[in-house]
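The following features are taken from TrEMBL:
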DOMAIN    A:48-356  domain 'AB hydrolase-1'
ACT_SITE  A:154  active site, nucleophile
BINDING   A:224, A:353  substrate binding site
ACT_SITE  A:319  active site
SITE      A:321  site 'Important for acyl-CoA specificity'
ACT_SITE  A:352  active site
């Protein structure tokens, strides 16, 4: 097997945009950087570009490794790479860290030109529409007039959907995976609890914790632990951990007793060390605000009637965060708007996280779809 | 309509037990009090007594009001009272605050005879088995050899089930409502997050917060907000709040935006002022530990083969905390053990909390069942 160096060792690049960006809430970002990774080669007519949008805690590092020492590859390494369903031998794939992120793009940890200090809580609230806007500027930077496809899972799928609605002529295909046309009341409720855990952490200091040399680790840890439960399904959790105990019999104390506790706390600990709390807050708000139908009289069909893309929609049977019913809403509205859509409902025990997992029927469906996208480009 | 003073104004009584109680974990409570309310009259042969067991945050105040000024009646006032499904004109109904509680029974807020100070974190871990044991001592106190029925929802239903297994000759009927033969992995996971929110609150002080004149209100609030989501169902939440906003349009801030946030925060605030954090921790642990089949080779049918009670089991369609499937497990094991069981699955939008709500088919089923219990006593 040939080693595709370009894929195996990817080099992130920070792309500066020295122009003001007017945000949905009316605030203006005077300038911004986007942290980007690309895989594969942009063809001569720049028609083979695929944009990958990340979910709540993702970033630009979609696939491959940065160094030999990297323990894990990018977050969608199953899906993106040479010979993978989104094949980097055919497509020029672009991953980015969204505005407001904490992995190199301008966000709460960046310097605020107004103060010289980091933004912290002063970073403006960004929305899915803002991200699409900034991603369009990124497309311009690469000279990409139209994406062959915009793809993402969860919050990433929402960006793909918003792209197709806001900039219809610039998207040939939208892959909306494990996503939803808007959050449910329960989704918003969970987000609020997560935010409250962070906002009420005494180390949060109104979001200016960097100034105080603290990090609201407790709150972020609780938020992530809870979030993690909603990403998984009892089917998978039960199979993996059941009621298995760490030691012999009950300990009658508050240490780790059940294996699932060990797993969850580990996830919370790890996350609270690597992720920025202000970014977490912003991302959950972007989720809450997402509701593309709202601009069109709260009629999703009307919103979708503008789109020119073909759609691939996928959901996962045990996903209770964005259940298959949420994808059905989208598919029904697309059908009603006479838009081409291909839908797959994947049997899975992995809940919402299934969109990140290796799964044969899911992978095969994306591969087949992307092969057709490629054929279309050749025609 | 006659005013039944005995029902309308109930007087709680604290019953002291000046004997040591050996707990499941091997620790000994040197003495304890149980806070109790009774409704109706115990008949001459003491055969008409019904024990009501409370859930996570419940207590002895099952029905009626204490004073004219009481804003709310007891937590199961729909179900218990004169002419109600559990009719206090027929039955002598006993409600109690469980050991470890924070409403008058011996618990973390009580004085530790060893130190003179309050127990706080030194209060021993109590289990559903311990509760049944202490409730049996309460039955002895009243001279009740056998309960006509032991009834409860959620964790209360678990006590009814444990009663029927541990003291089979002392329970004629067990009403196990919105309950489960044991927690799922997801249930345990949510409990762990709730506990971590409390345990990591800087005001927790290892559970000895009273000494520090603090209360881990933040943690308890987060725990309750999250718990509350799991008690409700999207069906009901969506219908009640949807994506309704508090003000005009998005605020792009972290104040209350969505109505559901206002509701949840209110629930969290209220709870964190009235409930003891150590009790909350203990109750969630009792839930985690509950697994009556474990003593019988993890075979529920074997555990149930000991029972002599007749069973009434009820579940609610939108309850995802203890879904109908969990009641099916119980019913199937009862049937396999050739035990009499009546099962009702109630259509409801109210999720787990449905067991506390007014609902015609549910109420009718309990009424019919309890009428038959009463007829049986007369026969």
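Heads up, the Cβ atoms here are built off N, Cα and C, so glycines get one too.
Other C-beta atoms found within 10 angstroms of the C-beta of residue A:224 (substrate binding site) number 25, with every protein chain shown included.
Averaged over the domain 'AB hydrolase-1' (A:48-356), the predicted model has a pLDDT of 97. Sorting the recorded positions A:319, A:353 by the number of other Cβ atoms within 10 Å puts A:319 first. Sequence-distant neighbours of residue A:321 (site 'Important for acyl-CoA specificity') (same chain, 6+ residues apart, CB-CB distance under 8 A): A:154, A:187, A:230, A:231, A:351, A:352. Rounded to the nearest whole angstrom, the C-alpha distance between residue A:353 (substrate binding site) and residue A:319 (active site) is 8. Separation of the C-alpha atoms of residue A:319 (active site) and residue A:224 (substrate binding site): 17 Å, rounded to the nearest whole number. Taking the Cβ of the residue listed as 'active site, nucleophile' as centre and 10 Å as the limit, one finds 27 other Cβ atoms among all the protein chains shown. All protein chains shown were included, and the count of other CB atoms within 10 Å of the CB of residue A:352 (active site) stands at 25. Under the DSSP three-state reduction, residue A:352 (active site) is assigned to helix.
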